[in-house]
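**Q** So TrEMBL says this about it:
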- B:Tyr130, B:Gln191, B:Asn214: NAD(+) binding site (BINDING)
- B:Ser237, B:Gln259, B:His262, B:His328, B:Asp361, B:Glu415, B:His420: substrate binding site (BINDING)
- B:Gln259, B:His262, B:Asp361, B:His420: Zn(2+) binding site (BINDING)
- B:Glu327: active site, proton acceptor (ACT_SITE)
- B:His328: active site, proton acceptor (ACT_SITE)
Number of protein chains: 2
Amino acid sequence: MPVFLDATSAGFEADFAAFLETKREISADVDATVADILETVRARGDAALVDYTNRFDRLSLSADGLEIGAEEIDAAIAKVPPADRAALELAADRIRAYHEKQRPEDARWEDAAGASIGWRWTAVQAAGLYVPGGLASYPSSVLMNAIPAKVAGVEELIVCVPTPKGAVNPLVLLAARIAGVDRVFRIGGAQAVAALAYGTETVPKVDKITGPGNAYVAAAKRRVFGHVGIDMIAGPSEILVIADAENDPDWIALDLLSQAEHDESAQSILITTDAEFGRAVAAAVEKRLKTLTRAAIAGPSWRDYGAVITVPDMATAIALSDRIAPEHLEICTSDADAVAARIRHAGAIFIGAWTPEAIGDYVGGPNHVLPTARSARFSSGLSVLDFMKRTTVARMSPDALAAIGPAAERLAICEDLEAHGLSVRARLDRLNRGRE
Amino acid sequence: MPVFLDATSAGFEADFAAFLETKREISADVDATVADILETVRARGDAALVDYTNRFDRLSLSADGLEIGAEEIDAAIAKVPPADRAALELAADRIRAYHEKQRPEDARWEDAAGASIGWRWTAVQAAGLYVPGGLASYPSSVLMNAIPAKVAGVEELIVCVPTPKGAVNPLVLLAARIAGVDRVFRIGGAQAVAALAYGTETVPKVDKITGPGNAYVAAAKRRVFGHVGIDMIAGPSEILVIADAENDPDWIALDLLSQAEHDESAQSILITTDAEFGRAVAAAVEKRLKTLTRAAIAGPSWRDYGAVITVPDMATAIALSDRIAPEHLEICTSDADAVAARIRHAGAIFIGAWTPEAIGDYVGGPNHVLPTARSARFSSGLSVLDFMKRTTVARMSPDALAAIGPAAERLAICEDLEAHGLSVRARLDRLNRGRE
């Protein structure tokens with residue numbers, strides 16, 4: 001049974017606080033293993049990659065088999081049915097169009113002191129995208145990671161995807177092709193992160209690594225962070241639906257289940273102003289679970305972590321939502337746009353009953369790589385900016401230096417940084433001599 | 001002696017590659033200690049904070065002494081000389097004006113399918129700023145961290161600064177006051193990071209932690225990353241100066257020394273088209289080192305890690321600079337703006353001989369918290385965006401859903417996510433029934 005909470009009941013605050021604190025994932029302590037894998041790949045390069053890949057994925061590769069070459073990709077994607085290809089292309093076009101609007105502007109201006117200051121954005125040169133193998137090998141995730149990188153201007157975009165027992169997902173390869181990925185390697189786990197972070201004879205070193213993965217991949221990304229850039233460390237994901245009684249309970253049930261079916265640790269929450277509607281949705285969930293293919297995943301997720309919270313008004317719904325800071329927030333109310341405008345912490349908002357969260361997973365346009373586990377309080381979904389960086393620029397005229405240099409010299413003295421002060425003073429003295 | 005390299009010599013590529021790989025910092029293995037401190041503060045709250053603070057900073061506080069109250073701040077800053085205060089205020093005004101230009105724009109548009117999509121930016125609610133104690137307790141860093149947070153709209157901005165044996169820097173407190181910091185605590189080290197990340201009875205939990213620190217602070221930030229947001233993990237910093245022969249060697253020497261005097265691990269590099277000028281700068285450095293207050297720091301930095309690289313032309317200078325990806329890049333050439341425009345990887349660029357790097361440390365306007373150790377390849381200096389996050393929004397009309405929903409359903413089926421597909425199908429069926 002999911003938890004049923006009523007925001008007007010006496011014990012609500014304690015119950016809700018406990019609910020927020022519930023751990024949904026036991027993070028395996030894999031850090032020592034991962035540290036060893038990283039060091040081994042760093043030291044031994046391809047030889048280590050081949051060893052790990054053959055052992056973990058039950059293959060018998062040599063180093064020249066690590067890359068999935070263009071012909072192999074061609075052959076695999078030739079098998080993709082036209083309808084699947086068309087759907088992927090529609091998704092890619094929409095994701096590209098959305099992310100193209102995220103390209104940031106350079107700026108440069110002259111201020112009152114006569115200083116010319118501003119900034120310039122440039123793309124990361126090389127990026128690596130980790131794609132999980134097996135069940136969670138999602139072509140949509142390839143699009144969502146690779147397209148922003150290419151829109152940013154990344155020249156060398158590498159995908160690493162494990163192929164357990166040789167199995168490769170043709171749709172993943174097609175998504176990589178459509179998104180403009182430059183090279184694909186059949187490498188997974190911490191060894192893939194190591195290869196991308198340090199480079200080997202065969203795998204190019206990249207500057208930034210993104211993409212989801214298991215506990216080993218997450219631990220490896222955390223360890224190489226700083227040496228290369230990484231995206232977020234993703235936790236189990238969640239959806240919050242705010243819905244009034246004017247909704248079809250079955251639609252809302254399916255939206256909750258479309259999160260729950262991802263992972264037993266996923267979380268689906270309904271906040272509603274109508275307790276009876278809440279019960280109807282819960283009943284609709286149970287009915288759907290009777291036939292759902294992934295009921296063995298969605299059922300435990302819903303029963304262990306699901307929640308139906310009844311609130312007296314929309315203001316309470318909004319306040320609770322901000323405390324949850326959900327990855328996905330669906331707002332199915334009569335004034336959905338107005339409610340959305342009052343939300344502060346959420347990864348992505350889906351407004352109105354015609355916008356099921358699944359649209360955002362595939363074809364909406366916005367990115368589906370989003371901050372989980374309440375991290376929407378401080379972070380954003382993946383974007384073009386994750387593959388770019390900003391260089392600030394400043395140019396002083398002699399007059400500008402004369403105007404603001406003495407304050408810099410003063411502060412340098414306060415901080416006991418003599419050379420800093422002298423580097424300004426030497427120039428000010430020259431100016432003063434020139435003016436005598 | 002710094003290393004002298006000539007880009008036209010036979011062994012240059014190997015020498016330069018070795019130079020790039022030189023480790024400048026032995027990172028102490030403090031991770032186990034830090035993990036223990038984090039867990040203890042998380043479990044015991046204020047009691048642990050008081051224990052650690054009294055032990056490490058040789059104080060005898062109780063929990064109600066952890067905060068530096070308004071009266072204590074008033075009393076401390078009353079002692080600051082007016083010239084120092086004026087310099088800090090000039091710096092703050094310029095930093096604020098620059099960062100106000102970084103406020104990002106929201107966007108919302110309707111696309112060809114009739115979908116209304118876009119994004120909204122909101123501020124992080126609470127942020128914590130770590131300020132080191134002792135020698136490296138820099139008021140300028142308080143401004144550079146706190147002002148972007150306040151420009152972003154952070155409501156609750158907390159500073160933690162250790163006060164070893166009770167010593168507190170009045171200029172740090174004044175900078176905090178000028179920048180609009182809300183509360184200040186006399187707590188340092190990993191225990192400060194723990195307090196900010198988890199909250200205690202006295203210290204509020206924040207959403208984002210920024211600011212420099214020693215190996216313990218860095219390890220603590222790396223460990224809490226994900227639970228809260230952090231800025232970068234800063235390494236030893238560096239300056240690269242590209243200069244032609246039309247410069248005063250003493251100016252360039254002072255610019256190199258203003259990096260070297262920070263830290264024995266700091267690195268100062270000159271790239272020049274004129275070997276003789278390079279030798280003149282090296283001679284000027286040695287001359288200045290004879291009298292510089294911090295010669296005991298700047299000397300080892302210059303001799304162990306400094307470099308003078310002679311190049312045949314500006315194109316080579318630019319290419320080498322991008323491989324170094326310097327935190328600070330100073331360009332003192334006749335066509336400095338044109339050279340700057342061709343640089344791809346740098347934290348901040350200082351253009352022309354009238355723009356010593358020290359201007360950027362204090363009063364230029366751009367942030368002085370910048371990516372070190374070649375991380376300008378993938379990251380940016382601190383900005384207003386570090387204290388904001390983006391929520392994407394999407395609203396489908398029934399027509400938009402009819403247009404793009406089938407592709408989403410198709411991809412959901414490809415990914416074996418049945419509920420995703422059904423959540424779209426249920427709505428499409430309703431539309432189709434409505435149209436029959």
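Using N, Cα and C of the backbone, Cβ positions are placed for all residues, glycine too.
Predicted, not measured: the structure shown is a model, and the values here were computed from it.
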**Q** Measuring Cα to Cα, how many angstrom lie between B:Ser237 (substrate binding site) and B:Glu327 (active site, proton acceptor)?
**A** 7
**Q** Tell me whether B:Asp361 (substrate binding site) sits in a helix, a strand or coil according to DSSP.
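**A** Reduced to three states, the DSSP call for B:Asp361 (substrate binding site) is helix.
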**Q** Only counting partners 6 or more residues apart, tell me which same-chain residues put their Cβ under 8 Å from the Cβ of B:Asp361 (substrate binding site).
**A** B:Ser140, B:Ser258, B:His368
**Q** Which of B:His262, B:His420 (the binding-site residues) has the most other Cβ atoms within 10 Å?
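**A** Most Cβ neighbours within 10 Å: B:His420.
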**Q** In whole Å, note down how far the CA of B:Glu327 (active site, proton acceptor) lies from the CA of B:His262 (substrate binding site).
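**A** If we compare the Cα positions of B:His262 (substrate binding site) and B:Glu327 (active site, proton acceptor), the gap is 14 Å.
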**Q** What subset of the recorded positions B:Gln191, B:Glu327, B:His328, B:Asp361, B:Glu415, B:His420 has a Cβ sitting under 8 Å from a Cβ of chain A?
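**A** Near chain A - Cβ to Cβ under 8 Å - we find B:Asp361, B:Glu415, B:His420.
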**Q** From the Cα of B:His328 (substrate binding site) across to the Cα of B:Tyr130 (NAD(+) binding site), what is the distance in angstrom?
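**A** Here the two Cα atoms lie 22 Å apart.
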**Q** Looking only at Cβ atoms, how many others are within 10 Å of the one on B:Glu327 (active site, proton acceptor)?
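**A** I get 29 for this one.
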**Q** Using a 10 Å radius around each Cβ and counting other Cβ atoms from all shown chains, which of the binding-site residues B:Tyr130, B:Asn214, B:Ser237, B:Glu415 yields the largest count?
**A** B:Tyr130
**Q** Between C-alpha atoms, which of these binding-site residues comes nearest to B:Glu327 (active site, proton acceptor): B:Gln191, B:Asn214, B:Gln259, B:Glu415, B:His420?
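**A** Smallest Cα separation from B:Glu327 (active site, proton acceptor) among B:Gln191, B:Asn214, B:Gln259, B:Glu415, B:His420: B:Gln259.
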**Q** According to DSSP, does B:Asn214 (NAD(+) binding site) sit in a helix, a strand, or coil?
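**A** Looking at the DSSP assignment, B:Asn214 (NAD(+) binding site) belongs to neither helix nor strand, so coil.
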**Q** Can you tell me the three-state DSSP label for B:Tyr130 (NAD(+) binding site)?
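**A** The residue in question, B:Tyr130 (NAD(+) binding site), is strand (DSSP, three-state).
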**Q** What whole-number Å value do you get for the CA-CA distance of B:His420 (substrate binding site) and B:Gln191 (NAD(+) binding site)?
**A** 44
**Q** So which other residues, same chain and not among B:Tyr130, B:Gln191, B:Asn214, have a Cβ within 8 Å of the centroid of the Cβ atoms at the NAD(+) site?
**A** B:Pro132, B:Cys160, B:Pro162, B:Gly188, B:Gly189, B:Ala190, B:Ala192, B:Val193, B:Gly213, B:Tyr216, B:Val217, B:Ala220
**Q** In whole Å, how far is B:Gln259 (substrate binding site) from B:Asn214 (NAD(+) binding site) when you measure between their Cα atoms?
**A** 18
**Q** Can you tell which of the binding-site residues (B:Gln191, B:Gln259, B:His328) has the fewest other C-beta atoms within 10 angstroms of its C-beta?
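**A** If we count Cβ atoms within 10 Å for the binding-site residues B:Gln191, B:Gln259, B:His328, the smallest count is at B:His328.
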